[in-house]
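Written out below as structure tokens is the structure these notes cover.
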Amino acid sequence: MDATDATVLRTIPVAEDASQDHRHASSSELPFGDGLFQLLVVFSAAIGSCSFLLQHRSFKITFAVMDHWCQRPESFANVSVEEWVWLATPLDDENKHKPCFVRDPPDGGYKSRVVPCSSWEFDMAPYGQNAVSEWNLVCDRAWQLSVVSVVYCAMCITALMVAGIAADHVGRRTVVILTIPVVIISGAASGIPEGFSFFVAVRSIVSAGTCALVPPLFVLLYEVSPTHKFTFYVALVSLACIVMVPATLLIAALGRSGWARIQLMLLIPTAATLVLLCTVYESPAWLIASGSLKSAEKIMSRAARLNKIMQSHYHEKAALQKNWPPEQAAWERRGFCSPRYMVQTVVIGYMSVTITCVFAVFVVSEIIKTNLPTKVVSTTFSAGVLLPVLIYLPILGPKRVVVVSGLLLSSATVGLAGTYTQEETATTDLFYVIMRVSVIVAMAVLFQLIIRLYSVTTRCTAISLFLSSMILGDTIAQILSVPEHLKRLLFAVTAFATALFVALAEYLPGQAGMPAVARRRSSDTTSLVLTAAAFRRSLQETLKPLPKGPAEARASRTSVTGSEMYKKSYTSRNNRSLDSQTGIFDLPFASSREEFMGRRVSREPPTLTTRHPWDKQRSGQTRNAL
């Protein structure tokens, strides 16, 4: 149905006790139900997430720096590695061996001069042969690793933002379908390294392509899931990633077949993204927001069939869901041009960068030295806290959980700043456990908070910005190198940054993580939309013979009769579904179209103070006949 061919006929008052919370509760029950359709979307999100994490982790392993030392000359080939390092490698001020220098001659002791190495040997035990050992990216060539990290970060951020904006404008499924060929082709090319620059380019492209799959898939999962089940579905996706990603990397590492072949082995799970061509459907909420009502109806009917819901029951449930998808406020319809969205986006960007930097510095890189039992306790306790938090997240509220986690994180960093020593103590271990648990919970729940704060036409862009901020924070943490005497200062800066994180989290709008949109008044109404052609047909059905009499009297009586018929047309269609010729199958779609297109709908039935144009036409015809 063309937007210009719609005429508002009737407004139906809503009950006075209808509130914002009631509307959100009612919209949690989707018209097409919950079942196999949602599980297909969960499966698709799991494939996309596993592909992204596999490429991300393999990229880190490919460019990981292992222990290295200057290559032994032929005359010392029979000397063991330990003897060679102690014999030929000089010491620095902290009595540590310098892997970039060697004594010349090696057995000259302190009388030998120290010269830079021309070639190196590497410890292949942790990662096997990778790009660092292939192209000697150490010592005077180590700067190239920083360039690789920056290129990788820039490619991923660019791909995420392009994919997010495109998914909000052309559809979630369209972006997924266009991204899959890029991932497959670049993944195959990464197994054929022709040179350092070529390899970095194709590895960055395949990682960026898998990044671009994540926002539309997770947003699609959110938009087709009941509100109370979304957290459960995200937990299923996370569980699949926790199981599949380490297992795949372990199998690839056990092969010991060379890093080029490992890249080809990782292409096998990446090729599973081809399954998304069959399992990903377009989001009905986005289709309604973009005005494609017939396409939305087809997908929702298909989802109802997959969920084993009879079509009659589906139409009954659809008629009750007048507020699905939820209506957009005026500032939401403006998208990121809205000042409120702009400020909110800057706040979320800072929060994402901060929490990711803290996670990468204190959890991934393990800047705080702890023993194995402490690491096991912190990991177990983190899982034990995160699981009930995710289960009861609809009750606790994402915003409240993020604020409390930020407070604990800031308090732990303040404690570390005051008590940290180079020697491990029980106090340091306690603060480390609190920090690790807080940052993991905050990262997991911040995603749940952000996806609720944006409307359907800006949600993919917001999630892309969140993931881009995380990648930026991870890159900053990799490049950052903090000496031991500056760690207290690092803890103090982290405490200030996390305190600001908490303050900004309190600034975010809404209760329980929902956006603070304007509430409806008690006289709020739901619109019934009818095309102009159907309106004309309804008037033609009420035509009556013209009364006889003087022209003035006839015109007056005709005016009254036309007004009554105009009002009658409202009453006769008060609670009826629209005819199939109108192009709208159910009342919710017509209502949602008016809500999403931002049409101003009158809240009271129209009162006719003057004659209707139809009456003027009838009067003119009468005068011409006379």
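Glycine is no exception: its Cβ is also placed from the backbone N, Cα and C atoms.
Please treat TrEMBL annotations as automatic predictions, because they have not gone through curation.
Feature annotation from TrEMBL assigns region 'Disordered' to 545-577 (among others).
What TrEMBL lists as region 'Disordered' is 596-626 (among others).
Annotated transmembrane segment per TrEMBL: 36-54 (among others), in sequence order.
According to TrEMBL, the transmembrane segment annotation covers 145-167 (among others).
A Cβ distance under 8 Å defines the sequence-distant neighbours of the transmembrane segment (173-192), meaning residues of its chain 6+ beyond its ends; these are 48, 51, 55, 163, 166-167, 199, 202-203, 205-206, 209-210, 212-213, 216-217, 220, 260-261, 263-264, 266-267, 270-271, 273-274, 276-277, 280-283, 460. The transmembrane segment feature in TrEMBL is assigned to 173-192 (among others).
Below 8 angstroms of C-beta separation, residues 30, 37-38, 41-42, 44-45, 48-49, 51-52, 54-56, 59, 151-152, 155-156, 158-160, 162-164, 167, 172-173, 175-176, 179-180, 182-183, 186-187, 190, 230, 233-234, 237, 270, 273, 276, 280-281, 283-286, 303, 325, 451, 456, 459-460, 463-464, 467, 471 of the same chain, each at least six residues beyond the ends of the transmembrane segment (204-224), sit close to that stretch. Among the features that TrEMBL reports, transmembrane segment is placed at 204-224 (among others).
According to TrEMBL, the transmembrane segment annotation covers 230-254 (among others).
Residues or ranges marked as transmembrane segment in TrEMBL: 266-289 (among others).
Residues or ranges marked as transmembrane segment in TrEMBL: 341-364 (among others).
Sequence annotations record features per position, and here TrEMBL assigns transmembrane segment to 376-395 (among others).
According to TrEMBL, the feature transmembrane segment maps to 430-451 (among others). Listed as Cβ neighbours of the transmembrane segment (430-451) (distance under 8 Å, sequence separation of 6 or more from its ends, same chain) are residues 218-219, 222, 230-231, 234, 348, 351-352, 355-356, 358-359, 362-363, 368, 370, 374, 377-379, 381-382, 385-386, 389-390, 393, 398-399, 401-402, 405-406, 408-409, 411-413, 415-416, 419, 459, 462-463, 466, 508, 513.
Away from its own ends, the transmembrane segment (463-482) comes close to residues 146, 149-150, 152-153, 156-157, 160-161, 163-165, 211, 214-215, 218-219, 345, 348-349, 352-357, 359-361, 364-365, 367, 446-447, 450-451, 490 of its chain (Cβ-Cβ under 8 Å, at least six residues beyond either end). Among the features that TrEMBL reports, transmembrane segment is placed at 463-482 (among others).
Beyond the ends of the transmembrane segment (489-508), by six or more residues, the same chain brings 344, 347-348, 350-351, 354-355, 357-358, 361-362, 367, 399, 402-403, 406-407, 409-410, 413-414, 416-417, 420, 449, 453, 482 to within a C-beta distance below 8 angstroms of the stretch. Summarising the annotation, TrEMBL assigns transmembrane segment to 489-508 (among others).
Of the two recorded stretches, the transmembrane segment (266-289) does not lie close to the transmembrane segment (145-167), with fewer than three CB pairs under 8 Å once pairs fewer than 6 apart in sequence are set aside.
Sequence-distant contacts of the transmembrane segment (376-395) (same chain, at least 6 residues past either end, Cβ-Cβ under 8 Å): 227-228, 231-232, 234-235, 370, 401, 432-433, 436-437, 440-441, 444-445, 448, 512.
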